Structures are given as structure tokens and as C-alpha cells.
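Engineer: Feature list, courtesy of Swiss-Prot:
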type	residues	note
BINDING	C72, C77, C83, S312	[4Fe-4S] cluster 1 binding site
DOMAIN	84-301	domain 'Radical SAM core'
BINDING	C98, C102, C105	[4Fe-4S] cluster 2 binding site
Amino acid sequence: MSSVETAGKRPAKVEAGVKLRGAEKVARIPVKIIPTDELPKKPDWIRVRIPVSPEVDQIKQTLRKHKLHSVCEEASCPNLGECFSSGTATFMIMGDICTRRCPFCDVGHGRPNALDPDEPKNLAQAIADMRLKYVVITSVDRDDLRDGGAQHFADCLREIRKLSPSIQLETLVPDYRGRMEIALDITATEPPDVFNHNLETVPRLYKSSRPGSDFEWSLDLLEKFKQRVPGVPTKSGLMLGLGETDEEVIEVMQRMREHDIDMLTLGQYLQPSRNHLPVQRFVHPDTFAWFAEEGMKMGFKNVASGPLVRSSYHADQQAHGAKHD
């Protein structure tokens, strides 16, 4: 089994553009991840369809043609096959190298390259080529940028809307640590149709799961966006299986509602590799269903809760439900 210990010796400085994954990625976080002997056996209710189809290949080719990244691939999402096969994708902008080292995440860490000024237009053209109706735009954390990448988000949305005027756009943003006000001011100039930022886990587990992030900061980000753009639904999500209790999940859901968050996603954490945080429990589908019921009682406009639910899974259906309830 895996365990968590105090971090030890730090490795050499990483060159810009070099992507660290696995053990190298988590080497400098406040806690040390001891690799598991093997990945845990998944229960019967977790079954993922192998992502092989003409639609999957076509979308991958389009991404490569326009030099784009999908979080579906970078984060090893279990729904990649279903979403790609239905002709939808979540795009990851600002490169594929993150400035954070979250040990649950499979996206690479390092010193990112400079932003690609052509990315907004390339992204817009790719989305137009694929004739998508609902798109989620997310990004790596870019702590190296003065605005955390908020202007690049706005530029992407603006270019996409030029070529696809009827499209619905959801943004899944980082926490804009240390630059919330400037980031939100920029975001308000070109707001998305849904503003999403994931809390990921309960406050007690932040040090081990989200080093460099702060639970209260993330809640405030969602609330302050809603204050600036009250007509846009806000959304957040949690991964279950990192060591949280059911009671802690309910408490976080209540805090979300106190901060006027409209939509909720709850999914099972799946350990990407032996060098990531270990799965502490596999939450039964009945428990996910119970969380969904409790969430609706609390006043969420839409709750997507299930073992394979991810932040952008069926995001179009969730947004439609939130706007018509």
C-alpha cells in the first residue's frame, strides 16, 4: 500500500518546457508519496469503454492539426471514449505543463513555455471545424502569469464566438492564486456561459491533495465571480475516495450553497499511477445517488453524481438543466 511521509531532498531545477510526471512531479510537494505496490482492483460498477472509434481518431487528428490539447487525454479521463465518440471534447489551453504539483492529477508539471498567441484563433477554428455546440475550456495552472491566464481565456472565448456564434461555452478555471481581482475583472469582460472551478476535496485533505491551494480562496473565487456576473451559473466539483468522510462531503456541499454555487459534480477518484495518491475507498453508486438527492434538497440546480462523473462529463446536459429549472 501507499503512504504519505514528509518530503525529503529536492531535485535539480527544471528547464522550461520540460514536463514532469509521476514520481518526478510530486518530488517537491509538502508530503511525500510512497508508490503503491500495485493499483487497486476496481469494483464491478466501474467499467470504462475502451476509447477506440473513428470519431476518437478524427478528434485527435483535429487537435494535432491545430496544435491543441484536450484535458480528456492529458488527465487520463475515464470518459474519453464516450465523449470523443459523441463528438465533444474539453480543450486545455495555455499548454500542457502545469505550475502546480497536485498528486491526484495526471497532468504534467514543470516550467511552462510562453503562451501561444495563435492559440485562440487555432482553437476557434478547430471548434468550428468540428461543429461543436457546447465546449468546455480549461487550463493548467499558470502561476507564472500576471493574470493567471485570465486574458488568454477571454481571448479564446472571443475568437470562438466569432466563428461559432450560437455555441455555449463553459470555462473550468484555476484558482488564480494571488491574482483573483485582476483575473475576475478580465473574466467579466468576456464571461462564459458557465463558470466552473473545482474545490476537488474537503478542507482537511488540502495539504496532501492540493498543495499550494486554499479551500476558502476557491470558494471566494466562485462567489466573487457570481457577484460580478450574476446571470451566469457557477459550478464546482469534488473527487471522492481521497480519505474524506460522507459527513465532510455534505458539509462542503452546504458551504457551496452558502456561496451561491448552482451546479455540482461528484465523481470517484481513480489513481492514475503508482506514484499518485492512493485510493482510500471506492464509493458505492447508491452513496453517489444519495449525495445527489441531498444536493437537490440543498437547492443546487443540477447535480451530476456517480463513479465516472467528471467535471465536464455531460456538461451540456447539466448546463441545460440548470438554466431551465
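Cβ from N, Cα, C; glycine included.
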Engineer: In Å, rounded, how far does the Cα of C105 ([4Fe-4S] cluster 2 binding site) sit from the Cα of S312 ([4Fe-4S] cluster 1 binding site)?
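Structural biologist: Cα-Cα distance, C105 ([4Fe-4S] cluster 2 binding site) to S312 ([4Fe-4S] cluster 1 binding site): 15 Å.
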Engineer: Measuring Cα to Cα, how many Å separate S312 ([4Fe-4S] cluster 1 binding site) from C98 ([4Fe-4S] cluster 2 binding site)?
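Structural biologist: It is 19 Å, counting Cα to Cα.
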Engineer: I want to verify one value. Collapsing DSSP to three states, which class is C105 ([4Fe-4S] cluster 2 binding site)?
Structural biologist: coil
Engineer: What average pLDDT does the predicted model assign to the domain 'Radical SAM core' (84-301)?
Structural biologist: 91
Engineer: What does DSSP call S312 ([4Fe-4S] cluster 1 binding site) in the simple three-state scheme?
Structural biologist: coil
